[in-house]
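Asker: My questions will all concern the structure given below.
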Amino acid sequence: MCFNQRILIGSISTEQLNKTIVIIGWIKRIKKLGEINFIIVGDKSGTIQVTCKDKEQIQQLTREDIVIVKAKLQRLDSVRFELINPTIKLFSKSKTPPLIIEDETDALEEVRLKYRYLDLRRRLMQKRLLLRHQFILAIRNWFNQQGFIEIETPTLSKSTPEGAQDFLVPARIRKDCFYALVQSPQIYKQLLMIAGVEKYFQIARVYRDEDSRKDRQPEHTQIDFEISFCNQKMIMNLVEKLFFSVFLDVFQIKIKKTFPVFKFSELFERFGSDKPDLRYGFEIKDFTSLFQDHQNQFTKLIEAKGIIGGIELTNIELSTDKIKALRKIAKDHDVSLEVHNKNNSTLKTSIKCDEKNTLLLVANKSKKKAWTALGAIRNELKYHLDIVKPNQYSFCWVVDFPLYDFDEKTNQWISNHNIFSKPKQEWIDNFESNKNEALSEQFDLVLNGFEIGSGSIRINDPIVQKRLMNSLNIDPNKFAFLLEAYQYGAPVHGGMGLGIDRLMMILNQTDNIREVIAFPKNNHGIEVHTNAPDKIDKEEVKWWIKELVK
């Protein structure tokens, strides 16, 4: 079959010139020019032209057939090679593909997902898979060099009352009980620190039963690590060194050795978000005072102690379509967007604004609501204005997060991060009675407007951990195993989870996480090519019901 003689197309070099070689690949195109046939054959490494004058050899061949080609190598031009006088053998016949298998394809995403195995044949997708592999390999090597050991933690675990909705798995061996697919290796890596491992990492698969988005999937992969006897600064320095090394080795990109650090409150005030894209400006400003002495549509709101925030776009005029898109973002956040420019005179009697500028205004009784909407509008602007350069990577750290967050839907206090994050030392004695002010040892890493990592220094005192759980109305008995472990000499420890999928999305300069995952779910959480989740056999359903209600 000549498999042992095969040469990958991408490895062909001048050393094989004028020699007979063997390639195996898929037919990408067939072009006839008089008596000569030009066949483009490709494998995972590249493509090459095969020039054939023998009609009989190719008359049964079509696009995406696999062929074995034995031919003489020669130059096509100063850069490219071609194969001449070939012997072509059909190895595997292909049906007519339902999509164009080229870097540029006109297939809808649902078609690409249904025939993902064909979509992945595209060289663009092959490059993304390879880049992901090289990235993960470099991460593993770097952690190994730093003295970390990779330890696999369980995927089937215990459902705990924190985080997102669990994926539940019925347990046949224990009646009326369920496993939960882990949302994070959090508890296990803390137990590993108590076990004296000190430096742990893994490339972890984690699961959260939540809606899919462009930057989120129900299952994802993260770089998970934990270290003992550390502080926040040590972890941040470690991550900066990791990314400086990996970006340079894998992507040949030199990033800054240290990342700027911002307080959560500062970022929200300036950008309306705790994950701003710092590649451009457009900071949010308080414009309330400009309207206080004028009768306008904001008068009643100002009298009711409301607030007016805005973003001023210097020397930028927005088209009607762009304004419409921004107003939709505002509407999604349950606020209205006022736009002031030379084409909109609604506010000209109230404020002075340069005719070349555009002012985007949001008014609301709640500053949090107004600023959050403006943050989303600011983020949307980069998709409508030419303000971001390619290959620009802007990292930042976010620190001093609130320990608690108030959920307006349930009218309850919840944990802002997770229930294992340590309160800052100045709040350690009274955080329960100061939920609106208490800060935590949580820190996030942001890249180009996406949260790519979240971590914290953990609680290692069982008394403090119980106090925090009780303040959130969480039964400490649910975590009895962890609280007991804390009583056997628990070191100070901390760590992070860094999202590989989001990182690869950013580095591949695509805006959809599905583009960098081999077999992703669609927007509805469905794996289109297998139709998962799917119904199971009725008899199996009956058996499970019978077992669970025994």
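Cβ coordinates come from backbone N, Cα and C, glycine included.
Pasting the feature list from Swiss-Prot:
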type	residues	note
BINDING	GLU162, ARG208, HIS417, ARG458	L-aspartate binding site
BINDING	ARG208, ASP209, GLU210, GLN217, GLU451, GLY499, ILE500, ASP501, ARG502	ATP binding site
REGION	186-189	region 'Aspartate'
Asker: What does the DSSP secondary structure composition of the region 'Aspartate' (186-189) look like, as residue counts for helix, strand and coil?
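Answerer: Looking at the region 'Aspartate' (186-189) with DSSP, the answer is 4 helix, 0 strand, 0 coil.
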Asker: Where the distance is taken from Cα to Cα, which of the binding-site residues ARG208, HIS417, ARG458 turns out closest to ILE500 (ATP binding site)?
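Answerer: It is ARG208, whose Cα lies nearest.
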Asker: Between C-alpha atoms, which of these binding-site residues comes nearest to HIS417 (L-aspartate binding site): GLU210, GLU451, ARG502?
Answerer: GLU451
Asker: Using Cα coordinates, what distance in whole Å links GLU451 (ATP binding site) and ARG208 (L-aspartate binding site)?
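Answerer: So the alpha carbons of GLU451 (ATP binding site) and ARG208 (L-aspartate binding site) sit roughly 16 Å from each other.
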Asker: Same chain only, sequence gap of 6 or more: which residues have a CB within under 8 Å of the CB of ARG502 (ATP binding site)?
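Answerer: Looking at Cβ-Cβ distances below 8 Å from ARG502 (ATP binding site), excluding near sequence neighbours, one finds ASP215, LEU447, PHE450, GLU451, ILE452, ILE513.
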Asker: Cβ-Cβ under 8 Å from GLU210 (ATP binding site), same chain, 6 or more residues apart: which ones?
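Answerer: The list for GLU210 (ATP binding site) reads ALA164, GLN165, ARG216, PRO218, given in order along the sequence.
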